[in-house]
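> Starting off with a structure, shown below.
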Amino acid sequence: MDITPDSIIYWQWQWINLNATIVFSWLVMLILVLGSWLITRNLSIEPPLSRWQVALEIIVEQIRQQIRDASQQKADQFLPFIGTLFLFITMANLLTIFPVYQSPAGSLSTTAALALCVFVAVPIYGIKNVGITNYLRHYIQPTPVMLPFNLISEISRTVSLAIRLFGNIMSTSLLVAILISIVPLFFPAVMTLFGLLVGVIQAYVFTILAMVYIASGMNLQQRKTGNHHA
């Protein structure tokens, strides 16, 4: 039983290797790209709408609503980034119903890459909203002595994002595999559904936390104003 898809090597040449994490990450991206193209190529604003378009609109509206609730801001500016994160992680976990598939989210390299995307997105959105001077100034608030602590806080929450998703997906996969080997009859179907549920929940938690971090970087001006009033 492989703990992480990084340990499954399909091809190797010198220091270059093609492991399950890379292969299945490409597969997930291919499915999302092709699926998006197939669903959106015949979009219509006139009824009757296709079932695929109705399903797509429901998903997009739910993501938009969650973004609004988490950020208290207009959702459209965040929808491409947050929506992509959610759909990638969700699809990566849902495909575990296929026996040979290994979720890329079970690899620390994948979750670290996703967390790094969030780490980069936070200052981009923050600078866009409050300006580069105000954004950089918040690192030395309320005193310049706090600079190293604020930097550590930024890094630590990025690390926690990566480890949380990796740990939950990996531990769930191991638990399901162990229980299926012990009770090989009806139990596998139940545990597979449990694994899918956990995968969707973890995708939701990751993207909501990402949105909260981004929103916190954009609300610096409001916090500054609030401190002056206090």
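Any Cβ shown, glycine's included, is placed from N, Cα and C.
These numbers come from a predicted model, not from an experiment.
Heads up, here are the entries from Swiss-Prot:
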TRANSMEM  20-40  transmembrane segment
TRANSMEM  78-98  transmembrane segment
TRANSMEM  112-132  transmembrane segment
TRANSMEM  174-194  transmembrane segment
TRANSMEM  195-215  transmembrane segment
> Give the nonlocal contacts of the transmembrane segment (20-40) in its own chain as ranges (CB under 8 Å, at least six residues past its ends).
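Answer is 2, 4-6, 8, 10, 52-53, 56, 87-88, 91-92, 95, 101-104, 107, 109-110.
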> Six or more residues out from either end of the transmembrane segment (112-132), which same-chain residues have a Cβ under 8 Å from its Cβ atoms?
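Here the qualifying positions are 77-78, 81, 85, 88-89, 154-155, 158-159, 161-162, 165-166, 206, 210, 213-214, 216-218, 220-221.
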